Amino acid sequence: MHYPEPIAQLMESYMKLPGIGEKTAARLAFYTVNMQEEDVTRFAKSLISVKRDLQYCSICGNMTQNDPCDICEDKNRDQSVILVVEHTKDVISMEKMQDYKGLYHVLHGVLSPIEGTGPEDINIPVLIKRLQKDEVKEVIIATNATAEGEATAMYLSRLIKPSGIKVTRLAHGLSVGSDIEYADEVTLLKAVEGRREM
Amino acid sequence: MLLKDISLKGYRNYEKAVVTFSKNINVFLGENAQGKTNMMESIYVLAMARSHRTANDKELIGWEQDFAKVSGNVITEKTSYPLEIVLSKKGKKARLNHLEQKKLSTYIGHLNVILFAPEDLALVKGSPSVRRKFLDMEMGQMSAIYLYHLVEYQKILKQRNVYLKQNRKNKKIDKTYLSILNEQLAAEGAEVLAERFSFVKRLEKWAQPIHADISQEKEELILDYASSITLQSKKDKDMIMKNLLEHYEKNERREMEQGTTLTGPHRDDIKFFVNGKNVQTYGSQGQQRTTALSVKLAEIELMKEMTGEYPVLLLDDVLSELDDDRQTHLLKSIQDKVQTFLTTTSLDGVKKELLHDPRIFTVINGQIEMESE
Ligand SMILES: Nc1ncnc2c1ncn2[C@@H]1O[C@H](COP(=O)(O)OP(=O)(O)OP(=O)(O)O)[C@@H](O)[C@H]1O
Ligand SMILES: [Mg+2]
Ligand SMILES: [Zn+2]
């Protein structure tokens, strides 16, 4: 089928989103044509703003509007503990729990040769530098309980341990192979309580 | 264990079919290329969430269809439940009790099947990968834990092999990370190895008397799990793990050069010996056939021993291939205890007196109908 150019361009953009193929893109594009002008404008603006106004915190890697992020700037938080997570969305899950008062470090992935991710490709070097100068006493590793998440945790543990900093693993309460993203708050609380030293 | 009924939608050449089975013997009778094997395959798919004929699920969807659905009701000693597999271009969904199972390891094992087809001679004659697949399929049905370890092993193996290849691309290998992959792989590998080793021992225990019986006490069958890991007792997981780690260390340079993991359960094999001679190399056609049959029949008993239920038996085109003695043995050993499905183009050459109360279905061009009794 031949689409009018603006439609085709919009479809091409939609198809850049995960899980959207040509059929769905066409449906969304034709739907957009019929949307209220004002809704479309808001949509377009928030797309741009998400890119322009958000950045990664230069200290912890969390997604933020200001650099450094609010959590890193908050002097009331316990500066001696860093919780290491795979993704920004894991920080959000943790914060919802309202029980953890330390700092974070976001790796943006796990070690996975298949996906071409080695130690240099995720936010590990910054973490190591951070540990050298900050007054950190404990690092809690909260990568997912998958094989890759475990391997990443073990790797970090071996890197950090020689420095004398305590390394713990958030593990209990998370079922094998599960993602932090889907865990409910109670499970996460249990997980923090039951962290173990590595 | 019984498959009470099955219904197909858009599956291969079946647009729609609903069939209620006998708890004893079900015969799919029809000319070539009518859909007998397809019907058999759909039972296998319901059990294993994959076909035994192809790794490509899309082939199972009818040519004119967007999706294929196979569903059926299973009755066990204690309970009954519906199973359902839906295949579409996007992927597959497996439902147990109407609930989608995200992990196949929680789905598989609710309908245990043993399939015997002419290709199964390859179990004896074929390459080691055929026998590894045999082990994994059968053991996976009996133990969700085995399946879990196997899947983890394969995942980590893939990661490690890709990582080893970095060396050839002149990217440096981080020894700390490699040693972590080694430990992870050895831990899962030890689980897989220990389970396989004890499975083969138990299979041998059942296969020996069957083989002796079919060969009229002239032959003794021995099964051996052949692994690069040499150990007195392969039951000790810590020892196996240590042994695997030693192998990785010893082969490190070679593995980096070749970009692949050289030892472990993914390279192992089963060896069959009849009267001390390897059947694969020295056995006659008949000895190979008897061996394959003994192993298949042993599996039925082993599955009963391990799961408490007899599996469902699928015999595709094998009856006519077996001589009278072997046919008699096969039919006698399943009689009145194992629900059986068999395909054939004709009932001539089948020992009818051994088919107790068979339910016969005629299959013509994707239509299946029960013959009036
Ligand atoms: N995806 C599909 N959609 C529609 N028809 C298909 C599909 N896959 C296979 N077929 C058809 O199914 C038929 C083969 O069926 P099947 O393998 O069950 O034959 P059979 O009855 O077992 O024959 P034989 O006695 O030769 O083994 C072929 O005619 C083939 O064209
Ligand atoms: Mg066939
Ligand atoms: Zn920050």
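Placed from the backbone N, Cα and C atoms, the Cβ positions cover glycine too.
Because TrEMBL annotations are produced automatically, they should be read as predictions rather than curated entries.
Here TrEMBL flags B:GLY30, B:GLU31, B:ASN32, B:ALA33, B:GLN34, B:GLY35, B:LYS36, B:THR37 as ATP binding site. A simple way to gauge crowding: the CB of B:GLN34 (ATP binding site) has 21 other CB atoms within 10 angstroms, across all the protein chains here.
According to TrEMBL, the domain 'RecF/RecN/SMC N-terminal' annotation covers B:3-346.
B:ASN32 (ATP binding site) falls outside any helix or strand according to DSSP and counts as coil. Fewest Cβ neighbours within 10 Å among the binding-site residues B:GLY30, B:GLY35: this applies to B:GLY30. Between the listed binding-site residues, namely B:ASN32, B:THR37, the fewest other CB atoms within 10 angstroms of a CB are found at B:ASN32. Listed in chain order, the residues near the ATP site other than B:GLY30, B:GLU31, B:ASN32, B:ALA33, B:GLN34, B:GLY35, B:LYS36, B:THR37 are B:ASN38, B:THR343, B:THR345, B:VAL363, each with its Cβ within 8 Å of the site Cβ centroid. Counting other CB atoms no more than 10 Å from each candidate's CB, the binding-site residues B:GLU31, B:ALA33, B:LYS36 peak at B:LYS36.
Close to ligand 2, meaning a Cβ under 6 Å from one of its atoms, are these of the binding-site residues B:GLY30, B:ALA33, B:GLN34, B:LYS36: B:LYS36.
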